[in-house]
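Below is one structure, written out as structure tokens, with a few remarks after it.
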Amino acid sequence: METKPNPRRPSNTVLPYQTPRLRDHYLLGKKLGQGQFGTTYLCTEKSTSANYACKSIPKRKLVCREDYEDVWREIQIMHHLSEHPNVVRIKGTYEDSVFVHIVMEVCEGGELFDRIVSKGHFSEREAVKLIKTILGVVEACHSLGVMHRDLKPENFLFDSPKDDAKLKATDFGLSVFYKPGQYLYDVVGSPYYVAPEVLKKCYGPEIDVWSAGVILYILLSGVPPFWAETESGIFRQILQGKLDFKSDPWPTISEAAKDLIYKMLERSPKKRISAHEALCHPWIVDEQAAPDKPLDPAVLSRLKQFSQMNKIKKMALRVIAERLSEEEIGGLKELFKMIDTDNSGTITFEELKAGLKRVGSELMESEIKSLMDAADIDNSGTIDYGEFLAATLHMNKMEREENLVAAFSYFDKDGSGYITIDELQSACTEFGLCDTPLDDMIKEIDLDNDGKIDFSEFTAMMRKGDGVGRSRTMMKNLNFNIADAFGVDGEKSDD
């Protein structure tokens, strides 16, 4: 059931058919979220007044034919799975000259981890219900010939704030149709959840069970099973690290739960338990196997900390990159000009592709797209000069004291010596990061809990490797970026 390009489809369209105008049928409301490609809005159907979610994807972000095919495949897969009770149901698709719109069921109950944290208590028995749902989605995907490839907590939402809300899988942007026995080779997913065979670039549907096993480990302990200060360190742990069942809270967790995790996080895909077999495991089937006593509150606090990505750090890196001296930047300015052939001040996908070809690179189009995604901090579809420098400069230049002072001052607009929530709001607006939970962002960095960030807290954040990457593909995380592609030596000493 492989998706094939439709030969009759015009080259600048995603859908192989014409559609009515979205606004003739729906009223667009508030923004619900921002993804790598699209923005999701609340929308209301005019004829019924029913609320839905509308994911709007700007076509300017679809820079190559492969991107158009990816969106069309995502739509097909959503239709393919739409009868499953724990998959967000697609309502319809619309396309005009500027956007592709996917209208789907709206989920107003929040993300998986956020819901657990806000409840304030959690038990193994509750974890059973959640992982049973997740494994049920995986089993359904595999039985219908679909590999999800990006299972992570952010892709599971509750359909309502009620206690009996259903957990639903969303975002099939990396999902693919596959045939039994077929292997895939492109490295995609999210660092903590990726299976070892993905890193080895030869894998099948078993990767989804691994990712579900990682989610289960985090649900019960509040931390990922394979962790390191850097993303390359995380990958080393995934390939070689031992599962920790000795430190808290594992001594208090049932043996049955640990046995299931062992079987889901088996490194050999051939020996790994299938989704169906996992659903038949005693911990899931036998109600008495999973205790109902609350887990240690420390698990919840760790879970909250883990689920917040550090967005301030990304903004700060770009601020630093833009203030470095000509000498520190070296030949990067000339390289940027060489790639930016129309002198627009931004690099498009086509310019990046042409620039790489000129320096003799033999990267595939999908790999060049990966570099683009990794460098494009504000998801604009192009790389500006600041983003280019942030992607190509070595970190030890970024972390020098005077650069950290300058970045701190950028946020600390009134020079008070602290970054406040209002100043953070202002910076997020400038960077186009709307609807970001600022309270959580500050709490993550605010070590003395005074509600603001001082310079020492800011410096500690900048020098800590958080490894929380969410790139569409992970070439950047596999120690490969634009600097490598152009042969730039970003690691020269700063002497």
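Using N, Cα and C of the backbone, Cβ positions are placed for all residues, glycine too.
In Swiss-Prot, the annotation region 'Autoinhibitory domain' applies to 290-320, one of the ranges 259-289, 290-320, 383-413. Distance between Cα atoms for E351 (Ca(2+) 1 binding site) and S416 (Ca(2+) 3 binding site): 43 Å, as a whole number. Of the candidate binding-site residues, L32, G38, D412, the one lying closest to D446 (Ca(2+) 4 binding site) when CA atoms are compared is D412. In terms of DSSP helix, strand and coil, the domain 'EF-hand 4' (438-468) has 17 helix, 2 strand, 12 coil.
The two recorded residues T382 (Ca(2+) 2 binding site) and L32 (ATP binding site) have their Cα atoms spaced 24 Å from each other.
A distance of 13 Å separates the Cα atom of D340 (Ca(2+) 1 binding site) from that of E387 (Ca(2+) 2 binding site). Between the CA atoms of D412 (Ca(2+) 3 binding site) and T346 (Ca(2+) 1 binding site) there is a gap of 28 Å.
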